[in-house]
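Student: Okay, here's the structure, questions in a sec.
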Amino acid sequence: MTNQNVVIIDTGCSNVSSVRFAIERLGYEVTISRDPQVVLAADKLFLPGVGTASEAMKNLAERDLIELVKQVEKPLLGICLGMQLLGKLSEEKGQKADQIVDCLGLCDGEVRKLQTGDLPLPHMGWNTIKPVEGNPLFKDIPENSYFYFVHSFGMQVGDYTIASCDYGQPFTAALQAGNYYGVQFHPERSSKVGSKLIQNFLEL
């Protein structure tokens, strides 16, 4: 149904236009907001993010969004850094205790620098993913479909993983923790399969 209340959370640390256009192309109207009433009244929410986890968490705190995101009961999709923020912590600044970035803690995932061997970082470009069977986020998406990635840090594979990818090491390409979903890739930049994934999320 295209009359859903769809909200992109205005974190201040992402370029929301490409995500907005991808949703609008599917026939949905989109609101960009950080207003608690608007966010909590949404049927579906998107949490995009670019940049660093430390800057993103700082922005979320300054905008009083940390607790608000944790109160969301409807499906929420974190994209790229937005997915990483759903995890417990990020080591993007280093592995020492005073360098660890605390994230939202909505799943147990920990974000660490990808160990890629001779492969270049960032992991940038098209790669295939391996979804688990039966998750509705990947309904009617062909096996071995390519999605577009741009990242140097990844979340380890865990119980929350609903799709994995391999780039020197396996990492979580998509996760689900209750009503919270996340994708490390950019569905809004992943052609028809990316559009299908966004449609699947909106139809949950």
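Heads up, the Cβ atoms here are built off N, Cα and C, so glycines get one too.
Swiss-Prot feature annotations, pasted as is:
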type	residues	note
ACT_SITE	Cys80	active site, nucleophile
ACT_SITE	His186	active site
ACT_SITE	Glu188	active site
DOMAIN	5-204	domain 'Glutamine amidotransferase type-1'
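Each of the listed features needs to be described in terms of its position in the shown structure.
Tutor: Following the DSSP three-state reduction, the secondary structure of Cys80 (active site, nucleophile) is strand.
The number of other CB atoms found within 10 A of the CB of His186 (active site), across every protein chain shown, is 20. Reduced to three states, the DSSP call for His186 (active site) is coil.
Sequence-distant neighbours of Glu188 (active site) (same chain, 6+ residues apart, CB-CB distance under 8 A): Ser18, Val19, Phe21, Ala22, Ile79, Gly194, Ile198.
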Student: Residues with Cβ closer than 8 Å to the Cβ of Cys80 (active site, nucleophile), same chain and 6+ apart in sequence?
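Tutor: Long-range Cβ contacts: Pro48, Gly49, Val50, Val150, His151, Val183, Gln184, Phe185, His186.
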